[in-house]
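Residues annotated as Zn(2+) binding site in Swiss-Prot: His147, His151, His157.
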Amino acid sequence: MPNITCREQPARARRGGEKHIMIRSATPVTEILVVADCWRAEAGAEAVIHRAIATAAGMVDKDTGDAELAIMLTDDAGIRTLNANWRGLDKPTNVLSFPALQPTGPCLPDDPPRMLGDIAIAYETLRREAGDERKTFDHHLSHLAVHGFLHLIGYDHETDGEAEEMESLERQILAQLGIPDPYAPPERMT
């Protein structure tokens, strides 16, 4: 497991009381911004996300070291606004990814870290889906973080072939985290 350090920004550096945490490791620097109070009930969410991103970064055939990404933990109202503004869909969703533009030339040693992009995750939708699918909150959060990360590095699921490739990689990453297949049907309760 990578060496993890966590520091919270001083209150004067935060906007409007938002909790702002930077987590650093040998894999991408992951900035987590909590913008919805409902996330405060999930004290370990940041650590779950970091572990999922670090594991995913270590398993993909892409250079993600010395890169950065930002994850916004929001609510259904916040993600609905993003979904409407960026995708034209006026409804909440579980996760949205916004990949950054890729550099056109070589990266030089003095260049700033490259930005992979941004991910937004909606608390209520995540919580509801986890319950409906009989998954733990942390397992579903890990899945959504991995799913969003894979979008940032170029994976997609627009075609059956793309979906098969992306879902297979998600299963492998989540298995490494000890999380069951997220696409398997939920077990029946008797």
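In case you wondered, yes, glycine gets a Cβ from its N, Cα and C as well.
Overlay of Swiss-Prot feature records on the structure.
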residue: His147; record: Zn(2+) binding site; Cβ neighbours (10 Å): 25
residue: His151; record: Zn(2+) binding site; Cβ neighbours (10 Å): 20
residue: His157; record: Zn(2+) binding site; Cβ neighbours (10 Å): 16
Extra residues within 8 Å (Cβ to Cβ centroid of His147, His151, His157), Zn(2+): Val95, Ser97, Gly148, Leu150, Tyr155, Asp156, Met166, Glu170
DSSP three-state assignment (helix, strand or coil) for His151 (Zn(2+) binding site): helix
DSSP-derived class (H/G/I helix, E/B strand, else coil) of His157 (Zn(2+) binding site): coil
